[in-house]
Amino acid sequence: MRIVLVGPPGAGKGTQAAFLAKNLSIPHISTGDLFRANISQGTELGKQAKAFMDAGDLVPDEVTIGMAKDRMEQPDAVNGFLLDGFPRNVSQAEALDVMLQAEGMKLDAVLDLEVEEDEVVKRIAGRRICRNDSSHVFHVTYAPAKTAGVCDTCGGELYQRGDDSEATVRNRLEVYHTQTEPIIDYYKAQGLLVTIPALGEVADVTKRAMDALKK
Ligand code: ADP
């Protein structure tokens, strides 16, 4: 299956993507994670992305589309993938369509995780992520680690992403409304959009998404 996850920052895309990818046996491809890995390894691509990410702005398409394409062409992605954070504007969505068409492939579904803005701000402000594996996500109130600052899964150090500060979150939401939301209509027009209410328990949201994909 080839699936795209959309939704505002803090909707739980990363958390849901990890579960869904495991259930469906397809790789979870997160452009945000790819950028963060490049930044921590000090690559040229990481250097290009950093200032945009710190400000909560989109990294330019020239950088992002090439990186996403390289990742989708890896051998583990031949039978499908779950995209998280890509595409993030209409020109990226168009580039993805062109890429898939060239291979005679198409998307199976686009899942839109729907959450109100107040909730998103609360989720992001308390979010803590493991340095070893960004799919190990905690929240100081909603999903606290057993020992503060230590990952329950692997013992790694938990940290707050630099772009999860309140000022940057406001800009990320603004960028989401102006640049990313238009892809919802783009995919609706293609008959691919499925809206998933993303409030409530993590496992319930995963179940809603899995049920929607079975249809
Ligand atoms: P979230 O969904 O919580 O905002 P991500 O980890 O997906 O977090 O993205 C973090 C940042 O990485 C974005 O604010 C942006 O700067 C950059 N980024 C990720 N994916 C893309 C993309 N497809 N196009 C441009 N920038 C991106």
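Using N, Cα and C of the backbone, Cβ positions are placed for all residues, glycine too.
Predicted, not measured: the structure shown is a model, and the values here were computed from it.
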Region 'NMP' according to TrEMBL, located in which of 30-59, 60-89, 150-179: 30-59
DSSP three-state call for T31 (AMP binding site): helix, strand or coil? helix
Which binding-site residues from the set G14, V59, R88 come near ligand 1, judged by a Cβ under 6 Å from any of its atoms? V59, R88
If you draw a 10 Å sphere around the Cβ of R88 (AMP binding site), how many other Cβ atoms fall inside it, taking every protein chain shown into account? 22
R161 (AMP binding site): which of the binding-site residues G10, G12, G14, R127, F138 have a C-alpha within 10 angstroms of it? R127
Tally of DSSP helical, extended and coil residues in the domain 'Adenylate kinase active site lid' (127-163): 2 helix, 12 strand, 23 coil
